[in-house]
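J.: Would you mind keeping the following structure in view while I ask a few things?
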Amino acid sequence: MKGVHFLISTLAILASATFLVSASDPSSLQDFCVALNDTKSAGGYFGAGAVFVNGKFCKDPKLANANDFFFSGLQNPRNTQNPLGSNVTAVNVDNLLGLNTLGISLARIDFAPNGLNPPHTHPRATEILVVLEGTLYVGFVTSNGDGNRLFTKVLNKGDVFVFPIGLIHFQLNVGKVNAVAFAGLSSQNPGVITIAKAVFGSQPPINPDVLAKAFQVDDNVVDYLQKQFWYDNN
């Protein structure tokens, strides 16, 4: 009997470990799973509640073609004439359907001189950045338990830097010319939370008393910040 209990306990631990290991994007169980954006037809097939899935439905593999795995245009500079002086072009499962279930995506980031990709986080992905042109000052901040340590580096052409999953990070063009970087992310849909926009530009707004106490500033400062237009460079 003890052996049976031991076996059950062992299996439970292994099941928990398996769950933790697969806590990010799930691994594909087939060669590919090209995403379907037509959730109405998928819902009609699988049932009314079928649109609520962790990811996207797959089209019939026999109907997949090369265009499902193709995206064009990342060689073209993006417009950086905006308040941040930067522009992020994401290539993820929303515009490259063949990425579905593959756990990877890409982004091109264009910077004007002094352009900033503001402090933000990707809740579902680690990011690896490579500089193609220009000079960037980059960094990330660790979690509260690690003391909110700041790690920074000045990157030049060909340099690479990694931003761990979920941590707040940023990139600033400190050069006198335009800069370009490419980022790989460990999720087909990494998500992005721009800190200032999320905190002061949420809809509906966060209660000013909450923000005044959290940031230890006067209510008038919070009121001013909540009235600003928080530009989204994604």
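Heads up, the Cβ atoms here are built off N, Cα and C, so glycines get one too.
In TrEMBL, annotation is done automatically, which means it is predicted and not curated.
So TrEMBL says this about it:
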BINDING   ASN117, HIS122, GLU127  oxalate binding site
BINDING   HIS120, HIS122, GLU127, HIS169  Mn(2+) binding site
DISULFID  CYS33-CYS58  disulfide bond
DOMAIN    72-223  domain 'Cupin type-1'
SIGNAL    1-23  signal peptide
J.: By CA-CA distance, flag whichever of ASN117, GLU127, HIS169 among the binding-site residues is nearest to CYS33 (disulfide bond).
T.: GLU127
J.: As a test of reading the model: what is the averaged pLDDT for the domain 'Cupin type-1' (72-223)?
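T.: On average, pLDDT over the domain 'Cupin type-1' (72-223) sits at 97.
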J.: If you count Cβ atoms within 10 Å of the Cβ of ASN117 (oxalate binding site), leaving out that atom itself, what do you get?
T.: 28
J.: An 8 Å radius from the center of the ASN117, HIS122, GLU127 Cβ atoms defines the neighbourhood of the oxalate site; name the other residues of that chain inside it, in order.
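T.: Other same-chain residues near the oxalate site: ALA107, HIS120, THR121, ALA125, LEU129, PHE163, HIS169, ALA183, LEU185, PRO190, VAL192.
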J.: Could you round the CA separation between GLU127 (oxalate binding site) and CYS58 (disulfide bond) to a whole angstrom and send it over?
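T.: Counting only the Cα atoms, the answer is 26 Å.
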J.: So among the disulfide-bonded residues CYS33, CYS58, who's got the most Cβ atoms within 10 Å?
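T.: Max Cβ neighbours within 10 Å, all protein chains included: CYS33.
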J.: Let's check the environment of HIS169 (Mn(2+) binding site): how many other CB atoms sit within 10 Å of its CB?
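T.: Taking all protein chains shown, HIS169 (Mn(2+) binding site) has 22 Cβ neighbours within 10 Å.
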J.: Which are the residues of the chain, HIS120, HIS122, GLU127, HIS169 excluded, whose CB is within 8 A of where the CB atoms of the Mn(2+) site average out, their centroid?
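T.: Here the non-site neighbours turn out to be THR121, ALA125, PHE140, PHE163, LEU167, ILE168, PRO190, VAL192.
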J.: Could you tell me the C-alpha distance between HIS120 (Mn(2+) binding site) and CYS58 (disulfide bond) in angstrom, no decimals?
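T.: That comes out at 30 Å between the alpha carbons.
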J.: Report the same-chain neighbours of HIS122 (oxalate binding site): residues 6+ apart in sequence with Cβ closer than 8 Å to its Cβ, ordered by sequence.
T.: PHE163, ILE165, GLY166, LEU185, SER187, PRO190, GLY191, VAL192, ILE193
J.: How many neighbouring Cβ atoms, not counting its own, are there within 10 Å of the Cβ of HIS120 (Mn(2+) binding site)?
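T.: Taking every protein chain into account, the count is 21.
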J.: Measuring Cα to Cα, tell me the gap between ASN117 (oxalate binding site) and HIS169 (Mn(2+) binding site) in whole angstrom.
T.: 9
J.: Once the chains shown are all counted, how many other Cβ atoms turn up within 10 Å of the Cβ of GLU127 (oxalate binding site)?
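T.: Counting Cβ neighbours of GLU127 (oxalate binding site) within 10 Å gives 22.
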